[in-house]
Amino acid sequence: METFPFSSIPNLPLFFSMFLILYSIAYSIVFRNWSPKIRPEACSCFISLFHGTPAVFLATFAIFSDQNHVLFIGHHLATLFVFITCRHVVFHGSYAILTLLILAEGTSFCQNVWTLASARRHDNQLAAKVYSNLSPYFYAFYSVVRGIFGPFVLYQMGVFYSSGVADNVIPRWLWISWMCVVITAIGVSILWISNLWVELFKEKKAKLEKEL
């Protein structure tokens with residue numbers, strides 16, 4: 001079987017170097033004329049476009065091809081803990097983790113486009129139009145993925161692990177910690193999108209009152 005040409009390179013330095021290069025390109029070239037206030041956030045979105053959306057397809061491929069090779073992505077420290085313990089401690093649980101990853105990153109592309117448009121909507125007419133048109137659809141998509149499918153997968157995950165069928169390969173304290181991480185992530189996501197919905201309705205209401 002042909003080996004991946006970069007397989008001999010440690011994962012952490014490789015990915016760090018790749019994302020550092022992407023950030024440098026975004027900061028120095030792509031968004032060089034943007035305001036310093038929103039430039040870092042725009043660069044972060046640029047990086048996310050190169051890892052969030054592809055991660056959905058890679059995770060999907062991993063689920064349906066070989067569950068013994070777990071996709072390792074360090075996005076946040078809590079998520080990093082889940083992936084490390086899944087891949088290097090118990091060597092099990094990849095199906096549930098990768099399914100949650102798909103849901104988490106499935107909204108990444110829309111979210112990054114929306115964030116970039118939001119950052120420039122006050123000084124760029126095109127960005128303002130994209131932000132205005134995209135917001136309700138992005139909010140609805142995000143709400144369904146994070147507010148319905150996310151909790152559903154979490155519930156199925158809880159039912160499976162609480163039944164005890166995996167206790168011989170995954171310690172109870174570990175899957176409970178995974179559940180806590182996911183519950184927190186979903187809760188924060190729901191709170192975030194709820195605030196955005198409130199702001200959107202306030203803006204629409206103010207616009208209607210102004211027209212009247």
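One-based numbering along the chain as shown.
Cβ atoms are placed via backbone N, Cα and C, with glycine included.
For 6-205, the entry in TrEMBL reads domain 'TLC'. The average pLDDT the prediction assigns to the domain 'TLC' (6-205) is 76.
What TrEMBL lists as transmembrane segment is 12-30 (among others).
The transmembrane segment annotation in TrEMBL covers 42-64 (among others).
The transmembrane segment feature in TrEMBL is assigned to 70-90 (among others).
The transmembrane segment feature in TrEMBL is assigned to 97-117 (among others).
The annotation transmembrane segment is assigned in TrEMBL to 137-161 (among others). Distant neighbours of the transmembrane segment (137-161): 96, 99-100, 103-104, 106-107, 110-111, 114, 170, 172, 175, 178-179, 182-183, 186, 189-190, 193, 196-197, 200; these residues of the same chain sit at least 6 beyond its ends, with a Cβ under 8 Å from one of its Cβ atoms.
Per TrEMBL, the feature transmembrane segment maps to 173-193 (among others).
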